[in-house]
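Undergrad: As annotated in Swiss-Prot:
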type	residues	note
BINDING	HIS69, HIS111, GLU146	Zn(2+) 1 binding site
BINDING	GLU146, ASP180, HIS215, GLU260	Zn(2+) 2 binding site
BINDING	HIS183, ASP228, HIS230	Zn(2+) 3 binding site
Amino acid sequence: MLKIGSHVSMSGKKMLLAASEEAVSYGATTFMIYTGAPQNTRRKPIEELNIEAGRKHMELNGIEEIIVHAPYIINVGNTTKPETFQLGVDFLRMEIERTSALGVAKQIVLHPGAHVGAGADAGIQQIIKGLNEVLTPEQTVNIALETMAGKGTECGRSFEEIAKIIDGVKYNEKLSVCFDTCHTHDAGYDIVNDFDGVLNEFDKIVGIDRLQVLHINDSKNVRGAGKDRHENIGFGHIGYKALHHIVHHPQLMHVPKILETPYVGEDKKDKKPPYKLEIEMLKNGTFDEGLLEKIKAQ
């Protein structure tokens, strides 16, 4: 079974149930959530996440596994502000606890961190330090380090940087990788013409068994731009053909694929989610040039 879905919202009283209902309405077989707002530390207690009803709904609809994304405010790469580093460590511990409580997520996607001017090597050492403070041999969920675009002072912009982090962490069996198509393209990897070559390179440097999550996004920018601006499937510089190839790649069939493409529409208050039609299009093998108009008309 193709495990494909999108980022969905866990909100209101329904929480996990709302997320599962939204995912099912898109024809998804997996989905990704934040356990609270990605930009702040406000979190509902675990008992208010409506886990039992959410899991029941998932089971009825054939969804076995979901992905959690850690909030953006976590930056364990910060060497200049001890309080930012500490917040990242404490918050990541809490996210592991919350994800474990869900019982249906094995991976927490984490942006490795930004060195905020101290240099990539210093940032990587700080990320290693942070992960060593957080990871325990008993935990049941992995931290999936996301491949980054190289915007600003981001660490994790190359497979070598990801490998360096993994190699420095004591309990690194608890680390995996989230391969983001927009980010790797923007970082300079040629996933359009030679995805198999890029995957082989990843395998040599990191190990393909670590690739446990895929973020499927097109890119608004040319390869190597270091920008990280997502585009709808087939409407960017990666293109439908390459993304369809990645989604159906025989070596990655077991990996959950998550769309984080932008909502569609000119009116900021009335943008429409693209995921139902994008998922259909990635399943059926034919690019639809009129897709954005169809999404707007939903």
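Each residue, glycine too, has its Cβ placed from N, Cα and C.
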Undergrad: So of HIS111, HIS183, which of the binding-site residues has the fewest other Cβ atoms within 10 Å around its own Cβ?
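TA: Candidates: the binding-site residues HIS111, HIS183. Fewest Cβ atoms within 10 Å: HIS111.
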Undergrad: Three-state secondary structure of HIS183 (Zn(2+) 3 binding site) from DSSP?
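TA: Helix, per DSSP.
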Undergrad: Please identify, among the binding-site residues HIS69, GLU146, HIS215, GLU260, the one with the smallest Cα-Cα distance to HIS230 (Zn(2+) 3 binding site).
TA: GLU260
Undergrad: Starting from ASP180 (Zn(2+) 2 binding site), work out which of the binding-site residues listed here (HIS69, HIS111, GLU146) have their Cα within 10 Å, and give them in sequence order.
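TA: Cα filter at 10 Å returns GLU146.
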Undergrad: Would you mind reading off the Cα separation of HIS183 (Zn(2+) 3 binding site) from GLU146 (Zn(2+) 1 binding site), to the nearest angstrom?
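TA: Just about 9 Å between their Cα atoms.
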Undergrad: On a simple 10 Å Cβ count over all chains shown, which one of the binding-site residues ASP180, ASP228, GLU260 is most densely packed?
TA: ASP180
Undergrad: By the count of other Cβ atoms within 10 Å, pick out the sparsest of the binding-site residues HIS69, HIS215, HIS230.
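TA: Output over binding-site residues HIS69, HIS215, HIS230: least Cβ neighbours within 10 Å is HIS230.
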Undergrad: Within 10 Å of the Cβ of GLU146 (Zn(2+) 1 binding site), how many other Cβ atoms are there?
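TA: A 10 Å sphere around the Cβ of GLU146 (Zn(2+) 1 binding site) contains 22 other Cβ atoms.
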Undergrad: For GLU146 (Zn(2+) 1 binding site), identify the closest of the binding-site residues HIS215, ASP228, GLU260, judging by Cα separation.
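TA: The answer is HIS215.
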Undergrad: Using DSSP and collapsing to three states, where does HIS111 (Zn(2+) 1 binding site) fall: helix, strand or coil?
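TA: The residue in question, HIS111 (Zn(2+) 1 binding site), is coil (DSSP, three-state).
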